[in-house]
Amino acid sequence: MAPLKVTKICCIGAGYVGGPTCAVIALKCPHIQVTIVDLNKARIDAWNSPDFALPIYEPGLVEVVRQARGRNLFFSTDVDKGIEEADLIFVSVNTPTKKSGVGAGFAADLNYVELATRRIATVATSSKIVVEKSTVPCRTAESMRTILEANSRPNCRFDILSNPEFLAEGTAIADLFSPDRVLIGSLQTQEGIDACESLKQVYANWVPPHSHCRPLVFRAVQLAANAMLAQRISSVNALSALCEATGANIDEVAHAIGYDSRIGPKFLKASVGFGGSCFQKDILNLVYLSESCHLPEVAAYWRQVVEMNEYQKRRFSKRVVDTLFNTITGKRIAVLGFAFKADTGDTRESAAITLIRDFQSEKALVNIYDPQVSHEQIWTDLQEASPLAPLNTIKKQVTICKSAIEACKDAEAVVIATEWKEFKDIDWEAVYASMNKPAFVFDGRLLIDADKLRKIGFTVTTIGRPSSTLV
Ligand SMILES: NC(=O)c1ccc[n+]([C@@H]2O[C@H](COP(=O)([O-])OP(=O)(O)OC[C@H]3O[C@@H](n4cnc5c(N)ncnc54)[C@H](O)[C@@H]3O)[C@@H](O)[C@H]2O)c1
């Protein structure tokens, strides 16, 4: 039998991965009907909002949704209908780190994947290709197959594919338009290879044919890729601490290192720490996998990457306190940026949350401004970071502002926590005039022109550079 020609796709999970990925598939494959389903009604309503106030921010995403929505792209809370109609289903649900039970704090919580899989088995009345897109440990596809086969109706066959997503938030649309690689894993049976071919044909509408069918064990590639990226950030951040102590400049060091073609220049920017939904979670997953395989040294090695990231955030908060004459009690600190990186509204594991919690515990007053993150999200994150403090108490210490200029007014210090381009272009003279003196700036993202700000009168502290104003 020839591989199935896919005409209807359903994506379970309308989040940061499912939403952009399947919107791009719909755009590039106008002959395929794509329905993205989610149990979260507020999220689906936002995807369907008449003014395109989408639930996530990604440069270029609105334009994609504008072109495809209502044509061959649909968003719905009717999960069952989406499953029933589709011939190919992406499972793109969340896989957070487990909070309790075996592997708590390390292993991935596969409950959402399992529930979605069970739903497919219950609802499907015809054969489906089921594509695991969530980041899951090796052998999850086998569990999915067992669940599907044990619960399916007669004459329904399920072919499971693994198709990890490598997009980075902030550049998701560009990444999806021209991916570095598309990996598709399948069983090496004729049915598995055919299912893989069907998915390849979907991507072939815009991606050059360099995807390969692989045995399902290659799943570890994604954990490994994210671990290597995060390790690179922690390595450069570890060097930034050394630079601060020895009088070197991390930007220059990184630049010089990047000239080595074996290393390359990308992902060598020191910062206040990595965040996002993937890096920490995937490394902890790798730690868990290593421990399960009785490889404690390997587990300790990868755990250290996360510990270095925590250290970097702690170190930065401490530097703020030390510089402000060892106390920030009652002092106003403006935190510019709340998202975990620029060009996204995602705040998961954002370094800003840790910094603000540290400032709160030092009894500072904190003004926050972010161009994309909703006020509601900020309050939710701050509440989660300090579960023992009632929201009213947090609100006495923290103010969310409508602009960077407003956030900096009457502040003693400005902390740049996210590298939004607009922070580079603020009217820093006006900011200086509105602040208490001496006015401090702490650049956690190597974003601003420190010399220019020093000429205005600021005392500037930059990550990876010594505190002396001469450097
Ligand atoms: N965010 C990234 O940059 C990124 C990149 C690559 C891979 N991943 C992986 O992709 C997966 C999804 O990540 P995300 O950032 O999109 O998560 P997310 O939390 O933004 O979205 C997941 C969505 O799935 C929905 N959902 C959960 N169970 C469901 C069910 N049974 N039926 C219907 N909807 C359900 C949730 O309501 C939520 O809206 C994760 O495994 C993640 O590790 C994420």
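Counting begins at 1 with the first residue displayed.
Yeah, the Cβs are placed from backbone N, Cα and C, and that goes for glycine too.
Note that TrEMBL annotation is computational and uncurated.
Sequence-distant neighbours of Cys278 (active site, nucleophile): residues of the same chain at least 6 apart with a C-beta under 8 Å from its C-beta are Thr135, Asn226. According to its DSSP assignment, Cys278 (active site, nucleophile) is coil. According to TrEMBL, the feature active site, nucleophile maps to Cys278.
Counting only residues at least six positions away in the same chain, the Cβ atoms of Ile56, Glu169, Ala172, Ser277, Thr344, Asp346 sit under 8 Å from the Cβ of Tyr16 (NAD(+) binding site). In this structure, Tyr16 (NAD(+) binding site) belongs to neither helix nor strand by DSSP; it is coil. Residues annotated as NAD(+) binding site in TrEMBL: 13-18, Asp38, Arg43, 93-97, 134-135, Glu169, 278-281, Arg348.
Marked as domain 'UDP-glucose/GDP-mannose dehydrogenase C-terminal' by TrEMBL: 334-450. Mapped onto DSSP classes, the domain 'UDP-glucose/GDP-mannose dehydrogenase C-terminal' (334-450) shows 46 helix, 19 strand, 52 coil.
In the three-state DSSP classification, Asp38 (NAD(+) binding site) falls within coil. For Gly13 (NAD(+) binding site), the same-chain residues that are 6 or more apart in sequence and have a Cβ closer than 8 Å to its Cβ are Ile36, Asp38, Phe90, Val91, Ser92, Val93, Asn94, Ala116, Lys133, Ser134. In this view, Asp38 (NAD(+) binding site) is surrounded by 24 other Cβ atoms within 10 Å of its Cβ, with every protein chain counted.
Ligand 1 lies under 6 Å from the Cβ of Tyr16, Asp38, Cys278, out of the recorded positions Tyr16, Asp38, Thr97, Cys278. Here the domain 'UDP-glucose/GDP-mannose dehydrogenase C-terminal' (334-450) returns a mean pLDDT of 97 for the predicted model.
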